[in-house]
Structures are given as structure tokens and as C-alpha cells.
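Enquirer: My questions will all concern the structure given below.
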Amino acid sequence: MLLFLWIETSNEYFNFDWVIFLGTGYWFYWSIFILSLAGILTAYSSLLLLLGLLLLWEGIELYLHLCHKILILLVILPCVILMFIICKFWKERWLVAGLSLQIFAPYVHLVSITVMVILFWPVAIYVARLEREVRMRRYRMTHSEKKRLKKCNVIARLRGLQVAVGLPFLLIFLSLCLMPLGIYSPCIQEKENLGPKPTLFGHRGAPMLGPENTMMSFEKAVEHGAHGLETDVHLSYDRVPFLMHDFDLRRTTNIREVQPESAFKNPATFSWDFLSTLNAGKWFVKPELKPFYNMKPLSKADKERARNQSIPTLADLLTLAKKERKFVIFDLRGPPPRHPLRHTFVRQVVSVILASKIEQHLIFWLPAHDRRYVRSMAPGFQHVGHLVSVKTLAKNNISIINVDYKKLFPNGLRDYKAANIRINVYTINEPWLFSLAWCSRINSVTTDNIGLLSQLNHPHFFMTPKFYMFIWLLVDIISVLFIVAIFCFHWRRETIKEKLFETSSTLTDTQSRSENEEDLHIAMKPARVVESPWTLAALYPALSKSGKEHQGRFNFAAPSKKLVPIKNAVTPLKPGKHDIQPPMPTTVFELTQAPSRQAKSKATFQTTLPTLKVDKPTMPSVEVPYP
């Protein structure tokens, strides 16, 4: 905001530097310094914000170093102080910023639409990811009904985030699309309605081409086609009207070299004999004292000419204006107390003007003091008023006003135009302000930058309503298409990711079920799988015949609900006397650890039964439930 405000008020840079000079006595481009500082602070803050967004994008936790914290405080502190000063002592700058929107609002609209389209890319990514997260959570929710309420709360929060991000963006975008309906710009009009180019009054001559209020400056203004010449008039102690703007001689003369103790005195307290000896041009050649930062470099001839300038009298200016037939308008500075012309300074100036024999209609009489006397002595003068009501102007028979542009545009410009009152505004140096005055049908402007404004043949930022409507609709349609395309692209990409996730989840579930079944199958191996070739069933197959009738220990038969009582029909086996055989292995679940390969032996099952001699092996028809 500060940077925007300072850029748009570039027309006031000289006045800002001049006010600081009055307080400090030191000339410096403070306005450019503040502009540079605001630009650096804005760039630093923007880069820091961009870096933070990129880190958040990558999922990296933010950590602000102490140096950055200090710098941020240093950014905020001067901005707050400067904004307070502007709001307290320089409220007119806000008026300038408002006027700039009358010119730049159509272009701000087009740029804002483009920026919103660019910003929609991350917004679309975020909204699409939230949608994918919602769907994935819903998919998971079907597998866990116990947590349904909690999941619903999470989904509601995700939907809320979507609305919180997407809805404001859409509202802002729609507002920008409809913004031209509320835009008023004087430079959007038909070509046939455009008024003539305002005439130019050289403010103190041409202060960008020569030392202000010197004959060189006025001659430069005439060379660049000035319609009139503007100046400020003081009266010396010996009654000679001379040209000087400031209320002391420090800035534009060498008074500090001649009489340092008199540097702060009012110029009207000096005699003309002394004032005529002062140099009024050497300061202009010094680089550190140039009044405008954007001045063109002077040629050697102009530098030499500027060094020899002195304070001119009002009679000198009237002679030039009479010769070139240029209008003259001036501010008349009243003498200080105890001055000989304290109450008659207006009559003295009128007598000097009449003595110059200049055509009276070339004088734009601006001072309001003793206007009745002026009308009686010089009826041909064109009286100029200030920013007062139309009724007051009509009562005083005034048809011209000279006003500050910052106060004119917000205060009834149409009323003055309707009353056929000619308007001169001051001081306009920027092309965009001159274009605004041109499109507003202002009659004349007072300017320091006559070299640039005299070259303009057409107002900047001018366009017809049909052309602007075409650009408006074209940009809106293209931006909507881009936004829809971006949203569809990210939506489709997140949908593909969601389908891949569902597919992988299904495969994972199927695979996990298969693994569980396989684990269960391994845990319940049938008898023939885990049976060792040294078991009874392997050695005596007859014992395992008729599986339906003889359910073994490892035969997985469904247990009957009713238990069959076990009959003691098995004859106990008795070992034979001479029947000594190696122990027969039987199947158990505990495996012995296999010996090392160096022993070259194999793992064997533990045996628990001794060698038995069986005459007639029989199996009872017993059905034992599986434990």
C-alpha cells in the first residue's frame, strides 16, 4: 500500500522535498529515498512470503531466523510511521491516489484478472486434494463403521476448508469480472467528445530547463510553446516588484556566501540594489541541488548561461510577455510588517504593469486583495478566482478559476463546466495527470515539466467505450476458460490418484486375506503333510484304511455334537522278549534343532515310544472331538 501510494503521488515529489528543506535547510531527494526504501522493503517482504509458501508447499516446517524477525520489525516500523505522517499531515496524497484510479482502474482490472487466474492454480490444487481426501476417507469409512461419526466430523471439516478457500476466491473473481460496471474514467469516451489539448502555463518558467524564476527559465518556457507564464512576486524594501518563490533566499541564491547571517530573512526586507547583486543560477548547476531528479542534463552553453542568472524584476517578465504575447499569472506575496508598502503593495504592482504597456487582457489577475481598485484602474485584466461556489464567482463577475488539481476533481468539476467557467489547474507534471485533465476538458494547466507535456499530442490511456467493452469481455471469457481448464485438470489428476489408491487398497486387502488364509492353512496341516515316513501309518498302511471309519488324530473331521463313549476294546501291547528294534519315530510338533553341516547329520524328530510287538493291530472306532 505504501509503495503504491508513493508511486502514484510522484507529481508531489518536489513539494515534499521542498517542505523538508524548509525544516532542515538541506536539499536532498527525500522522496526518491522513500520510494527506494519502500521498493526494497516490499521486495524483501514479497520474497520472504514467497519462500514461506514454497516451504509450506514442500511440507517443510517454517523457522524464521532472528535476523529476519528484526528485519521484519524494521520493515513494519517505518511503514507505520510514514503512514501516520501521511494520514496526519498529508491527507491530500490519498486524493492523488484516488485520482490515479480514474486513469488506471481499467488497467488495474485487466491485471487483476490475470493475477487471479495465476493464483487459481494453487487454489485448484488445494481444493482438488481436499476433495480426494474426502473421498478416500469415505472409502475407508465403509470398512470401519464403528468410527463413522468421527469420520463424518473429519469430512465436515474438510468440506469447510474447501468452502473457506474456494468461495472467497470465486467471490473476488466474480467481483473483478463485474468491476467495469462501477468504473468511471474520463479517458473512456468517444473520440468526438474529447476536448482540445489544455494550454500550458510555465510554472516559474521552465524549472527543469533553467533556474526557476529567472529570465532563462521563462525564455525556455516560451521556446517550448508555453501559452502563459506563472511566477511569484515580492516587493523589495525600496518598492521594486521582483520574482521569488520562497520566503527566504537560501535555496535559489548565493546569500549564504554573501551574507550568511541574512539567509533566513524575508526577501522583502532587502533593497533592490542588494538583491540585484545576488546570483540566482549557480545552485542550479550543482548536481546535489538539482530541484528535480528526472531533469535532463544541461549542455555546456546552458550551464554557462545558468551560472550568470540574477533575480529578475516583474518589469523584465512583462517585457518578455509583451514581446511574445504570452499570458502572465502570478501570486502576489504581501510584504511583512513595517514594510513601506504593507497596505499599498497591490496598487504599486498595478502601476508597474500599466507602465509596461502590456495588453491588459494578457494579465490574469489572481490576488483577491483590493480587487475593486484593480477593476477601476485596469478594466482589461482577466480576474481569476479560487475554489469557491459558482454563485460566489458569478457575484464577483469572475469566469476563470485557478485551483489545485487535488481539490478540483473531487469537488464539482461538472458544476464549473456547466457554468462555462474556465479552469486552470496546478501543478501538473506527470503525463497521466495531464491526460486526466485533457480528458476532463480542463482549459489550461500550470506545469514544471513543460518540455515533456508540450510533446504530447494525444492523452495517454485513452480508449473508446466499445473497445474497452471488447477487451473486458475478451479477458473475462479467456480467464473463465483458463480457470475451468485448470480446475478440470487438477480434478482429473486427483481422481486418477484416487482410483489408483482404491485399486491398490483392493489388491492389498485381497492379498492380506490370502496371506491370512495361508497362515491358517499352514497352522492346521493335515496328517499326510506333516507325517514322517517313520510313523505307524507309513509303516502299516492298513491302519489308515477306511478313513471314514477310522478318524485319526490328524484327520480334520468335523466333531460330532454327541460324543461316542470310548470302549476299552484295545488289547494292551506287550513288547516281545527278543524283539528289540530301534525306536520308531512318531510325529510331534517340536522339532529339534538341525546340527551343523560339519557333523553331516540330519534333523530328526524326537521319539517317545519304544519298540512294540503287535500281533494284530486294531483301531477302535472312536471319534474324538478336535480340541
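Just so you know, glycine gets a Cβ as well, placed from its N, Cα and C.
Per Swiss-Prot, the features are:
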- Glu230, Asp232, His245: divalent metal cation binding site (BINDING)
- 198-457: domain 'GP-PDE' (DOMAIN)
- 91-107: topological domain 'Extracellular' (TOPO_DOM)
- 184-468: topological domain 'Extracellular' (TOPO_DOM)
- 18-38: transmembrane segment (TRANSMEM)
- 40-60: transmembrane segment (TRANSMEM)
- 70-90: transmembrane segment (TRANSMEM)
- 108-128: transmembrane segment (TRANSMEM)
- 163-183: transmembrane segment (TRANSMEM)
- 469-489: transmembrane segment (TRANSMEM)
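Context for these features, please: burial, neighbours, distances.
Expert: In this structure, His245 (divalent metal cation binding site) belongs to neither helix nor strand by DSSP; it is coil. For His245 (divalent metal cation binding site), the same-chain residues 6+ apart in sequence whose C-beta sits under 8 angstroms from its C-beta are Arg204, Glu212, Asn213, Asp232, Thr252.
For the topological domain 'Extracellular' (91-107), the mean pLDDT of the prediction comes to 82.
Long-range Cβ contacts of the transmembrane segment (18-38) within its own chain (Cβ-Cβ under 8 Å, at least 6 residues beyond either end) map to 2-3, 6-7, 10, 12, 78-79, 82, 250-251, 288-289, 293.
Among residues of the same chain six or more beyond the transmembrane segment (40-60), those with a C-beta under 8 A of the stretch's C-beta atoms are 2-3, 68, 71-72, 75, 78-79, 122.
Residues of the same chain lying 6 or more positions beyond the ends of the transmembrane segment (70-90) and with a Cβ under 8 Å from any Cβ of it are 1-2, 5, 34, 37-38, 41, 44-45, 48.
If you look at the transmembrane segment (108-128), the same-chain residues 6 or more away from its ends with a CB under 8 A from one of its CBs are 57, 101, 162, 165-166, 169, 172-173, 176-177, 179-180, 183, 471-472, 475-476, 479, 482-483, 486-487, 489-491, 493-494.
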Enquirer: Let me make sure I understand the structure: which of the binding-site residues listed (Glu230, Asp232) has the fewest other Cβ atoms within 10 A of its Cβ?
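Expert: Taking Glu230, Asp232 as the binding-site residues, the minimal 10 Å Cβ count falls on Asp232.
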Enquirer: What is the set of residues, excluding Glu230, Asp232, His245, whose C-beta falls within 8 angstroms of the centroid of the C-beta atoms at the divalent metal cation site?
Expert: His203, Arg204, Glu212, Asn213, Thr231, Val233, Leu243, Met244, Phe330, Asp331
Enquirer: Checking distant contacts: for the topological domain 'Extracellular' (91-107), what same-chain residues at least six beyond its ends satisfy Cβ-Cβ under 8 A?
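Expert: The answer is 4-5, 8-9, 11-12, 179-180, 183-188, 405-407, 409-410, 432-433, 435-436, 460-461, 463, 468.
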